[in-house]
Amino acid sequence: MAAAMARSSTAAALVAILMVSLLLSPALSASSALLPPALSVPLNATVGANLSDYFTVASCPNLEQAIFLAMFQVLRSDISIAAGLLRLYFHDCFPQGCDASILLQGRGSEQQMGNNLTLHPKALQLIEQLRAQAAVKWLGGPDYAVAQGMLDSVGPASAQEVGSLPAQTSDVPKLLSTFASKGFGDPTELVAFSGAHTIGVARCDSFRDRALKREDVFATLLLIACARNPGLMQPLDVMTWNLFDNKYLWDLKNRQGVLTSDMALIKDARTAPIVDLFAQDQNAIFAAFAKTMTKLSHFRPHGNSGEIRRNCFRANGRRMEEEADEGLAASA
C-alpha cells in the first residue's frame, strides 16, 4: 500500500512533462482521495520513446485538478512560490527545451550554474510546470495549455546552453537576439515573457546596475533602500506584486521598473508600443502570455528524447556524475 502511494504521488514532471515525475505537495499527498492513479506505463521507458500530448491525460485523468487543489494550499501559505515556479519553468525550458533537466542534482547540475543559483528553493521542491500553470491561474492570470507528452532529459544542459538565459542587465537588442535564437523572434513575445515580472521579487544584486545609474527618482530610491538593507527583497511590480495582472506594464510607463531589462522595454521603438498596448489592455497581455508559455512548453531543439524518470531529481540507472563526465568529454 505504501509503495502504491509513493508511485501515485509522482505523476508528471516539470514542464511539459513529464509524466511520472510530479512530486505532489504535502497538502495533496495527505489526502488519498486527491491522489492520481498510478501510471500504467513502464518506468524504464528510454531514449526515443514517443508519447502523445495526451499521455498524462490518459494515464492520470485528474492530474491538473489535483495539482490545482494542491497549489491552493501551497500558495495560501507562501505566495512567493508562484513566481518561483514560473522562473523554474522558464529556466528549465529556455536552455535546451522543457525536459526537467534543471531538476537533476549532483555534479554538473544546472542548479549550480549562473542565474540558477537563485532559484526559489521551495519551487525546486514542488517542481512542475503544471503547477506553474496553476499558480498563474490562482493569482488571477490566464489559463494556458501545456504539452504533456515530453520525456525527461537524462542529463543536464551544458554550461553554454544555461548561459543563454537572458540577463537582467540586457538591453532590447540583446534580449531580442537571445529570444530569437530560441525561436521567439517577435518583440511581442519578449514583452509577454517579461510580463511574468508582475509577480515575484528581486535581490539588490539583481538591480544594482540600474540603481547605480540613478537615471530616475525610482532608481535613486532603490539605491537608498539597498544601502539601508542589503538583504532587501524588492517586488518587481510595485503596485500589485501578489497578483498576476498588467500593472507591471504601468510600472514601466511610470519609470518604476526594477530591472535594467525591464526598463529597456520602454526605451526601444520595437517594444515600447507593445508595453503601451498591454498596459491599456490586460486581456491582450494575458492572451500573449498564454500563447508564448504554450509555445515554450513545446520547445525541444534536440527532439523529444529521454526517459520517464523514477525520481524527479536523478536519471534512471545512471549517476549524475557519469552524465556530467560525458558532457565534459563531448565539449572538450
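Each residue, glycine too, has its Cβ placed from N, Cα and C.
A TrEMBL annotation is a machine prediction, not a hand-curated record.
The candidate list Thr198, Thr220, Thr260, Thr271 contains one residue that TrEMBL assigns to the Ca(2+) 2 site with Asp237, Thr240, Asp245, namely Thr198. Per-residue confidence over the domain 'Plant heme peroxidase family profile' (50-316) averages out at a pLDDT of 83. Asp237 (Ca(2+) 2 binding site) sits 29 Å from Ser101 (Ca(2+) 1 binding site), taking the C-alpha atoms as the reference points.
Residue environment of Pro166 (substrate binding site) contains 20 other Cβ atoms, counted within 10 Å of its Cβ in all protein chains. Same-chain residues that are not part of Thr198, Asp237, Thr240, Asp245 yet have a Cβ within 8 Å of the Cβ center of the Ca(2+) 2 site turn out to be Ile199, Met239, Trp241, Asn242, Leu243, Phe244, Asn246, Lys247, Tyr248.
Ranking the recorded positions His91, Asp92, Gly97, Ser101 by the distance of their Cα atoms from the Cα of Asp245 (Ca(2+) 2 binding site) places His91 first. DSSP gives Gly97 (Ca(2+) 1 binding site) a coil state; it is part of no helix or strand. Cβ crowding, taken as the number of other Cβ atoms within 10 Å, peaks at Asp92 among the binding-site residues Asp92, Asp237, Asp245.
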